[in-house]
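What Swiss-Prot records for 389-396, 435-439, 489-492 is GTP binding site. Residues or ranges marked as compositional bias 'Polar residues' in Swiss-Prot: 69-78. According to Swiss-Prot, the feature compositional bias 'Basic residues' maps to 269-279. Taken from Swiss-Prot, the feature domain 'tr-type G' covers 380-549. The feature region 'Disordered' is assigned by Swiss-Prot to 51-78, 93-116, 142-293. Here Swiss-Prot flags 389-396 as region 'G1'. Summarising the annotation, Swiss-Prot assigns region 'G2' to 414-418. Taken from Swiss-Prot, the feature region 'G3' covers 435-438. Taken from Swiss-Prot, the feature region 'G4' applies to 489-492.
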Amino acid sequence: MSDMSLKDLAKDLNKSEEILVKQFADAGIKKSASDKVSLAEKQTLTSFLQKQHGGESKTKMTLQRKTKSTLNVKGSTGQAKAVQVEVRKKRTYVKRSDSETQETQAAELADQQAANDKLQAEIEAKKLLVEKALAEKLAAKKEADEKAKKAAAANKEKQTAVKSEKTAEQIASEKESAALLKKADQEASAKAEKETAQQAADAKKLVEENSARWAEEETARKKAAEGGDYHITSSKEAQAAEDVLDSKAEGPSRRKKKKKAPVEEKFQGRRTRRGKKQRPATPSALQQAFEKPAAPVERNVRIGETITVAELANKMAVKATEVIKAMMKMGAMATINQVIDQETATIVAEEMGHKVILTKENELEEAVMAEAQQGGDRTSRAPVVTIMGHVDHGKTSLLDYIRRAKVADGEAGGITQHIGAYHVETDKGMISFLDTPGHAAFTSMRSRGAKATDIVILVVAADDGVMPQTIEAIQHAKAAKVPLIVAVNKIDKEGADFDRVKSELSQHNIISEEWGGENIFTYVSAKVGTGVDGLLESILLQAEMLDLSAVAKGPAAGVVIESRLDKGRGPVASILVQHGELKLGDILLCGLEYGRVRAMRDENGKPIEVAGPSIPVEVLGLSGVPMAGDEATVVKDEKKAREVALYRQGKFRDIKLARQQKAKLDNMFANMEAGEVSELNIVLKADVQGSLEAICESLNKLSTDEVKVNIIGRGVGGITETDASLASASGAIVIGFNVRADASARKLIENEGVDLHYYSIIYGLIDEVRAAMSGLLAPEYRQEITGIADVREVFKSPKIGAIAGCMVTEGTIKRNNPIRVLRENIVIYEGVLESLRRFRDDLSEVRNGMECGIGVKNYNDVRVGDQIEVFETIEIKRTL
């Protein structure tokens, strides 16, 4: 290093020139501000200043660390791009003074000395306790020995004093004294041993308590040591400085810290593929471990009425495969998403060692229904009368005369296809009527009518007598345990035979009062009106005998008679109120649907606000089209009504899936044996729910082993574009019963060529479907013999082979027809007639009594006396 001026040195050292000149003078070097300063002179000055100030070193040190790394980052184009990352760290370390270090060391020595003194005192206390216990044991033993010696001496003196022969009493006394002596010795020894054991146990307890306390203190020291703030850096100097600093701050507990496990050191400083060393891994302070349960865990499993296999496994905290295995061991096959009943789930859970708690899923439903069933004052109500009978026996005409309105004209074909609900005011009171269909397809609708009624009027035509639907109506009335009034209609027609009607009805236990029975018979004419007043009187008389009553005030309850989807008004339900009052704004729960009553209309279409018992009304505002026959109940809370409806929908779906699964398993082998079955796919739309249900039931009954009716889509309301798309995709025919397709659906049906049919009478619908099913039946084939020829001679042809010279004995022989060669009435060959000639001319056919030459294709073994039988196959169409 070159010499520099004193002025420049003063600037570098941040000192004035006068102070620097004075310091050089004190060091024995004379300098002025303009003089040069050599390296040796600088060292001399530095040594002088260090001696003068005691050689103090720096108390503060600042370390700076800079690390660079490269990151590969994907850019917007998707290509990798290298990014340089530089991390800078700066730490300052302050050196403690010697006095602080000495104080820390003195404190450490004092703590260590105190711990050693404490340990020594405890050891001395233990020694004293043990020595004391031994001394007490020796003293007790010595005392027992002295007592024994005294007793022996006393016995000896007694023996010396008494020199006579020992008596039996003396021997007994000697034995007693010996036993007493032995007992005293044993008691003394036991007492000494007990005291010694007690003292040893106390000493051991003291040692254990001290050991536990020392272990806790040691653990606390270790935790305190491990809880320190360590600064991990890649610089060795900085790490060493931090270790020294931390050890001084933590004291002796730092020295007792264990070394790192070799497993942790194993992976430190590994080289990567690029050759650079990785940073040492920081040991994780958080350690977690799973301990296997010592015994199987018993859980409380809550099981409802239905549950899937996956849900059951989740509640038992096991895999679904384990549940399936357990079910297979018990002989039940199941899949992970299959719904199983409560009983099966209970058996499986108990088999797997869990406690089962059975729950009712319909608790909310029961609570809501209990709230709705409020008691009140019961008052008399009007009777609900259902008119039943065979088709075209005059049920609707009779009701029409009673209502003084033409109802039958509104029904297509003059037959009733809906349940009509009406109430009639008479001079003697009000009567509510339900008019049911008489056709065979409407069995379920008649059944609903019988269940919702008080009295059944059985209409029987005087000229027809008892018919199949008449018998069915009698069965429905008996099943519902409803009184039955027979109305013999059409008494004004020729051929009316009352006795015949009575006789036929008596075969079904319907006996008139005239013949000593219980059933009321009335004779009416719906056309003229004869006997109608007597019928009404009979109805009211029967109602008085039944003493009909209902709660007039309070929440309403009833039954859904019919339902439909109106294009402008939405879901419409016809409800017969049975209890309470149904008002506008009430929250109504109908089976799977719910909603607020937005509007109510009577049977004439007039708006009303309140409907009491035995009044049929049309209700608007439900969430969907309810099923006919569902119970309708007014509830207080709309939220609860929605929850109950959703629960019922889920339950209905589960039951439906379970039934389908059962049907699949039951019919699996039957389907495998049956092979291919033709299917007629149908998309069915009807105007009301009852008609839809009746048509579906009738169509399903048409299915046979060879042709199956598959209703892939059904609904209430007009034919929509969705229905047309479904039919197009599945190759189905679209049937509309009293409904029409909208514009978009008609366009799609026309473009896709979907088969669309409209019907207003159920007879025509069923006949058309039956005809379509007949077209799907596989045709039958029958073989018909057209001619027989006897072989008289056999010729050889170089081109064809054997030619049979024949005489046609029956029918006509036609060329290219299939033939059979018979020898002694046994078929030996079946083939095709290839050549047919007569006098070298090729002919298309040869009639009876003519000779011809016949060449059989691929057959040369024709002999004289054989018969050639010519036949044709005729296709015969089958019908259901």
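Every residue number used here counts from 1 along the chain in the order it is shown.
Even glycines carry a Cβ here, placed using N, Cα and C.
In the three-state DSSP reading, Lys395 (GTP binding site) counts as helix.
Around the Cβ of Ile491 (GTP binding site), the same chain contributes Ala462, Phe498, Tyr523, Val524, Ser525, Thr530, Gly531, each under 8 angstroms and 6 or more positions distant in sequence. Gly389 (GTP binding site) falls within a strand segment according to DSSP.
Helix first, then strand, then coil: DSSP counts for the compositional bias 'Polar residues' (69-78) stand at 0 helix, 6 strand, 4 coil. For the region 'G4' (489-492), the DSSP-based tally of helix, strand and coil residues reads 0 helix, 1 strand, 3 coil. A sphere of 10 angstroms centred on the C-beta of Gly389 (GTP binding site) encloses 29 other C-beta atoms. Every protein chain considered, the tally of other Cβ atoms within 10 Å of the Cβ of Lys395 (GTP binding site) stands at 30.
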